[in-house]
Amino acid sequence: MSFRSLLALSGLVCSGLASVISKRATLDSWLSNEATVARTAILNNIGADGAWVSGADSGIVVASPSTDNPDYFYTWTRDSGIVLKTLVDLFRNGDTDLLSTIEHYISSQAIIQGVSNPSGDLSSGGLGEPKFNVDETAYAGSWGRPQRDGPALRATAMIGFGQWLLDNGYTSAATEIVWPLVRNDLSYVAQYWNQTGYDLWEEVNGSSFFTIAVQHRALVEGSAFATAVGSSCSWCDSQAPQILCYLQSFWTGSYILANFDSSRSGKDTNTLLGSIHTFDPEAGCDDSTFQPCSPRALANHKEVVDSFRSIYTLNDGLSDSEAVAVGRYPEDSYYNGNPWFLCTLAAAEQLYDALYQWDKQGSLEITDVSLDFFKALYSGAATGTYSSSSSTYSSIVSAVKTFADGFVSIVETHAASNGSLSEQFDKSDGDELSARDLTWSYAALLTANNRRNSVVPPSWGETSASSVPGTCAATSASGTYSSVTVTSWPSIVATGGTTTTATTTGSGGVTSTSKTTTTASKTSTTTSSTSCTTPTAVAVTFDLTATTTYGENIYLVGSISQLGDWETSDGIALSADKYTSSNPPWYVTVTLPAGESFEYKFIRVESDDSVEWESDPNREYTVPQACGESTATVTDTWR
C-alpha cells in the first residue's frame, strides 16, 4: 500500500484546500494566456516589423511605444540585453520562430557598438552609452551616462545564442559573428568595472550592486565562451575574481546595499534583479554570488519587500506572510513613486529560483541571517537544515510558493483586461501608469512564469567562480576591441525539418577591424546542418477520462515540485471545458524538465474539501528528451 493510499484511508480533509487550489488554478490559467500576450508584445516592440514600433531599424528593441509622457521610444542597451536573453532562452527551449529576431538583434548591435556617441566611441568608452535612437544613431541629449551594466547584459544574451550555435554545428557563425561582438563587451567590462556610472534606474552615479553582479557573470561565462570558440579572454580571467571580491562590500549584515554614493536607504529591487539575473541552476545557496536561495539574498528579499508595505495604499492590511506590490525603492518620486510590474515580478522570480535550488539539492537551510524571512512565512521556523523528505521542508516550500504566487497574482489583478503591462501601476487605485507596453515588463513576466514552471536557463559557470579572493584589488585590464559588420548569417536549421534564413544584404560574413591591425575580411560559411534543438523543457498534456458529479474537481499531484511534491494543496487543476456525459475528458498541460522521471496520481476534491485518491499503484512517467520534441501527451483513465 502506498503512502498516498494511507492518506486516503485516513480521510484527509484540508481546511480551505479548495480555495487554495482554486486560486492556484486561476493563476495557472491566467499565466498560460499572459505568456502568449507577453511574447507577442515583445515582438511588437522590435523593429523593423514590430506592429507598435514603425520606424525602428531591424533588430532594434524599443523600450516602449510611448512617445510622450513619457517618451520611451528609444533603445536601451540594458533593456535590450535583458529582453533578448529571455528570447534566446525561449529559443533554446524550442521556440524556433524566434531565430530571425535573435539574428537581427545581433546584427543591429554590431552597428550600435560602432556608433560614436557622447560617452565615446567603440574603444574609448562608447559601449557604456545607455540609449540610442531607434534608427541606430546616437542620442545627443542630456542623460545619466555612462551606464555600465548594458555591455555585460548584452554579452550574456549573445553568449547564450553563441553557445547554441556551437552546440548545433554552426561554429563559423559563433566564432566570426558572435565572438567578436561579445569580446568588445567583455573588454569594456574588464576596463571600466571599477569606475562609477549610473545605476539601472539612471539616477544614482556611483557603484551599483546590479551592475557589479552582472559584470561578474559576464566575464565568467565570457571566458568559457572564448575557450569554446578556440580563443581566450585573459582580461576576463584576471578581473572576474576581483569583481566578485568587490561585490561582497554591498552586504550590510542584514540586506544588500543597492548603491554606494547614495543618500537613500539602499533597499531597492536593484538587488532582487541582481540576484535573479545571476541565478545559476547548478549553483548551491552561495552567499558570495547572492544566489536566490542564499541566506543573504533571502534576508534581503524580506527587507526590500517589507520596505513597501506601509507606503502604498494597495498594500494596506496585508500581513508579513502576504505578498505586496513592489516598486523600485521606497524613496522613489518618479510619477510620485509607484509599484512597477517588473519589480513585483522580480520578487516572485527570486522565490521561484530558490524553490528550484532547494528541490535540486534536496534540502533547505535556515541560518540566523535568513531566519526572519522564514519565520514570516512559517511561524515554526528555526535554524537548521531540513531534508526534502521532512514535513517541515514541505510546509516551508508550500508557504514560499504561495508567497511567490501572491506577487504574480498582484500583477494579474492590475494588468489590463487584454493583458497589456505598462511600466507602473498606481499605488492607490492600481491603475496602469507611465509608459505603456513596457518591453521589460513582458520579459519579466515570461521569466517569472518559466521559473515558476521550473524551466531554467543553462548554467553560467557559478560553481567554478564563487570563491572570493583573500584580498580585493582596485584593478582593471585592457582587452581587444574590433568593429564588426554582419553582412549575412548562415542558413540555420533550428528544428528537425525547418530551415530559417535571416534576410540580409551584401555578401561574405564578417568584416572585423582591430584597433592595432589593418582591416581583415573573413567569410562566414553557409551551413546546412540538420542539427536541431533538444528542449530543456517539454509541455506535457495529461488527458484523463473521469466521470464526475457536480461540484467535484480533478487535480494532478506527483513526486516532483512542478506537481506539488505530493501536497494536495499544491495540486494542478485539470480543465473540464470539453466534458459531456458521453465523453468526460479532463486535461491540463504542464511544462516539465526534459528527461525528468516521476510518479503521479490524480485526486478528486469534493465541494466539502474532502480528497479522494486514485487506487494504487502510483503512475510513472519520464518526460521525453529528444531533438525537436517540445510537446507530449499522456492518456489515462481514472481508477
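Positions of Cβ are set from backbone N, Cα and C atoms, glycine also.
Bear in mind that the values here come from a model prediction, so they are computed numbers and not experimental data.
Looking at CYS233, CYS236, CYS245, CYS285, the record from Swiss-Prot puts CYS472 in a disulfide bond with CYS245. Nearest Cα neighbour of CYS472 (disulfide bond) among the listed recorded positions (TRP143, ASP199, GLU202): ASP199. Counting in whole angstrom, ASN194 (N-linked glycosylation site) lies 18 from GLU202 (active site, proton donor) by their C-alpha atoms. Its Cβ taken as reference, THR534 (O-linked glycosylation site) is surrounded by 19 other Cβ atoms within 10 Å in the chains shown.
Across the fold, the C-alpha of GLU202 (active site, proton donor) and the C-alpha of TRP143 (substrate binding site) stand 8 Å from each other. With respect to their backbone Cα atoms, CYS245 (disulfide bond) and ASP199 (active site, proton acceptor) stand 19 Å from each other.
Secondary structure of the region 'Disordered' (614-639) per DSSP (helix as H, G, I; strand as E, B; remaining residues coil): 0 helix, 11 strand, 15 coil.
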